[in-house]
């Protein structure tokens, strides 16, 4: 399910507080010159009165007017450009000049989209900077292509985004065509806006299974895409910036708190130019995600072994993304889609270096992680785990010691253990090398502010303590102020003489070396065996170990190998009085859950559903109502130790069907013979088979299958279009278990019989009507055939196995020596009696 990620104080953090009241203003402190810095605290804001519309009326179509003459063909862009621009009731005069330090051609990246053309002799891809209305505090940062303008304007505390309108007509003077001018919308202070929910179902695991409950190296081959707004904003520094952000995201995935060896690898970097070749990037985050997901699939190769294949794709954009009700959204992704070529994708609104955590957050969703405050995380996380980890719904500060919550670690582990990460097992051949230095060494505090709040922003140095939160300059109603998004300074940012930031703390540079030396992890000892999942009938118990001797540090290799082991327990038979099977008990537990099925007349009678359930879904609790026949997956997993199917001795373990012998021992090779004797040789039963041809209208008795019969098979063949014969089953008490009272069951179903035995029925409309089951039957069963017309070329055959009668042991005939011995014994007895009579 798509979702919207909201991060704290988006409206205030961007520096614009349009219509947000009340606000708290702290005493001013002096800064350079006569400017004042107003410290605004996000926590002081109450919900604003802004409407809930996802797109307030903050955009209009404008026609920029070029004032300094025409550009002559072949002469390139003039040294200075003047544009007049109407903007929300004001007139803006843009004074622009070429920025010689920005050249997109210097990027060793793939360029897609409409190639820049020499329109009117203008130099394609020219980056311009300048001021607005002569205000030295204003900033204009634009990409200029033959009159088309794309970029950001910051003027008197307002941020404006301008871009060409696709298909827009030129103005009457033949100047630039229509442009969209969008004022970055203020947002409410209502807190989290990310409403991601657990998807109703999981993607199907690949038949290419990984070793169960094992820690295996996973390589997330990633396509990184930047749109034209990113190119306009970052210019020549785009590649380095993107790789720096991805390096920080990869570092988060290397942290041992995720409890899996996951390597985020950039294999391809694409920059989109203006045009219609790329995805449609607009204010709607959901539509942008859908468009990007569809577009990126065309760039991928289906073969996972192909060097050009990627496992997931991320789009970075400077577009202000909006969700359902506000424009707080910083990213969007689908849940649990990492190996789905059509849906393994995410979008991220560039927000400075902290976008690394947004990217990690979105990839966490792709790995099936939910928000730390979700219902599914209750009981897994501690009371403070909903706000200090990567998957927090509102990210203020990520704990560097534990960036991933226990819930996130559990979800990604279960996701990978259940076979959904099959595409991540191949190691990439030619990944792009990510920066290994701390990002703060390349981007100082001033540059971090510019990346987050715009080109005119600078670091506010007067606010202690350093490193904990990055405060940056801005403007509000013409007044200078400081603003923050509560993100710490980037690691490696200088914070004093011979000092630099690390994890939000200011440390001496000598201490940083300890954070730059990788340390591989090692397995700790196996833990004790846990409780058995069943008291009888064959349960499962677990033992696990952790990567704690030592714990990996600084991106060191996480432990590989088996992390969980399991074994069978309590394999003895359950008491004969048990009326329900283990799976039947689990279905019956929902009989009175009327809250889940409010449209059904309650209570319901839920029984297991086997027919029509795919093998990969055998370990889901699929139940159907006995009366209505509707069936649902009531639980994504049955209890450990539940048989995978009535005809199988294999059992479910953590949602996976694991082989077990007929002795209920996991890994055992013992099998039932045709007599359903565990480990038998088939000699204790005999086969009975026959056919039936004496058809007359109504119900006809075919054969009585005795109690104890096994491997029952009944088949009648004939064209369904002319068939007039149908199978039926009658119980000893005269009631029907199948197709009684001239009522047929057309579709496949399981016929549940006394003694927890079931037969699989093909349905009356099947091409070959069949009944089959392993048995043994607990009581006799009468097989009947219902004749509803004139049978033509009908054939009905049946077979089953019945126990052989146990021979009564005969008394062995005595040998001659035995007779002589017994004769002498008898004579001796008679002699003694004779002597006793004489006395």
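Placement of Cβ uses the backbone N, Cα and C atoms for every residue, glycine included.
Neighbour density for residue 345 (disulfide bond): within 10 A of its CB lie 28 other CB atoms from the protein chains shown. Look at Swiss-Prot and you will find 293-345 (among others) tagged as disulfide bond.
Under the heading disulfide bond, Swiss-Prot lists 322-327 (among others).
According to Swiss-Prot, the feature disulfide bond maps to 339-423 (among others), an assignment based on similarity to another entry. Residue 423 (disulfide bond) has a Cβ environment of 22 other Cβ atoms inside 10 Å. Residue 423 (disulfide bond) falls within a helical segment according to DSSP.
Sequence annotations record features per position, and here Swiss-Prot assigns disulfide bond to 377-407 (among others).
The disulfide bond annotation in Swiss-Prot covers 449-472 (among others). Residue 472 (disulfide bond) carries a strand DSSP state (E or B). Shown in sequence order, 448, 449, 452, 453, 457, 458, 459, 460, 482, 483, 484 are the residues of the chain, 6+ apart in sequence, with a C-beta less than 8 angstroms from the C-beta of residue 472 (disulfide bond).
Residues or ranges marked as disulfide bond in Swiss-Prot (evidence: similarity to another entry): 460-482 (among others). Counting every protein chain shown, the number of other Cβ atoms lying within 10 Å of the Cβ of residue 460 (disulfide bond) is 22.
Look at Swiss-Prot and you will find 467-501 (among others) tagged as disulfide bond. Non-local neighbourhood of residue 501 (disulfide bond): 440, 466, 467, 488, 489, 490, 491, 492, 493, 494, 495, 507, each in the same chain, at least six residues away, with C-beta under 8 Å from its C-beta.
The disulfide bond feature in Swiss-Prot is assigned to 495-506 (among others); the stated evidence is similarity to another entry. Following the DSSP three-state reduction, the secondary structure of residue 495 (disulfide bond) is strand.
Other C-beta atoms found within 10 angstroms of the C-beta of residue 569 (disulfide bond) number 20, with every protein chain shown included. DSSP assigns residue 569 (disulfide bond) to a strand in the three-state reduction. Residues annotated as disulfide bond in Swiss-Prot, with similarity to another entry given as evidence: 532-569 (among others).
Feature annotation from Swiss-Prot assigns disulfide bond to 536-574 (among others); the stated evidence is similarity to another entry. In the three-state DSSP classification, residue 536 (disulfide bond) falls within coil. Just so you know, the Cβ of residue 536 (disulfide bond) picks up 15 other Cβ atoms within 10 Å once every protein chain is counted.
Here Swiss-Prot flags 547-559 (among others) as disulfide bond. Around the Cβ of residue 559 (disulfide bond), the same chain contributes 215, 261, 521, 522, 523, 547, 552, each under 8 angstroms and 6 or more positions distant in sequence. According to its DSSP assignment, residue 559 (disulfide bond) is coil.
According to Swiss-Prot, the domain 'Peptidase M12B' annotation covers 218-428, on the basis of sequence analysis.
Assigned with DSSP, the residues of the domain 'Disintegrin' (437-519) fall into helix, strand and coil as follows: 20 helix, 25 strand, 38 coil. The domain 'Disintegrin' annotation in Swiss-Prot covers 437-519.
Secondary structure counts, DSSP: the domain 'TSP type-1' (520-575) has 0 helix, 15 strand, 41 coil. The domain 'TSP type-1' annotation in Swiss-Prot covers 520-575 and is backed by sequence analysis.
Secondary structure from DSSP puts residue 68 (N-linked glycosylation site) in coil. The N-linked glycosylation site feature in Swiss-Prot is assigned to 68; the stated evidence is sequence analysis.
The annotation region 'Disordered' is assigned in Swiss-Prot to 166-209.
Counting only the Cα atoms, the space from residue 339 (disulfide bond) to residue 569 (disulfide bond) is about 35 angstrom. The Cα of residue 569 (disulfide bond) lies closest to that of 377, out of the disulfide-bonded residues 322, 345, 377, 506. In the structure as shown, the Cβ atom of residue 293 (disulfide bond) sits within 10 Å of 24 other Cβ atoms. When the disulfide-bonded residues 293, 407, 423, 506 are compared by Cα distance to residue 532 (disulfide bond), the shortest distance belongs to 407.
Here the domain 'Disintegrin' (437-519) has a mean pLDDT of 89 out of 100. Shown are the disulfide-bonded residues 322, 327, 407, 482, 574; the one with the most C-beta atoms within 10 angstroms of its own C-beta is 327. Of the recorded residues, residue 322 (disulfide bond) and residue 293 (disulfide bond) place their C-alpha atoms 18 Å from one another.
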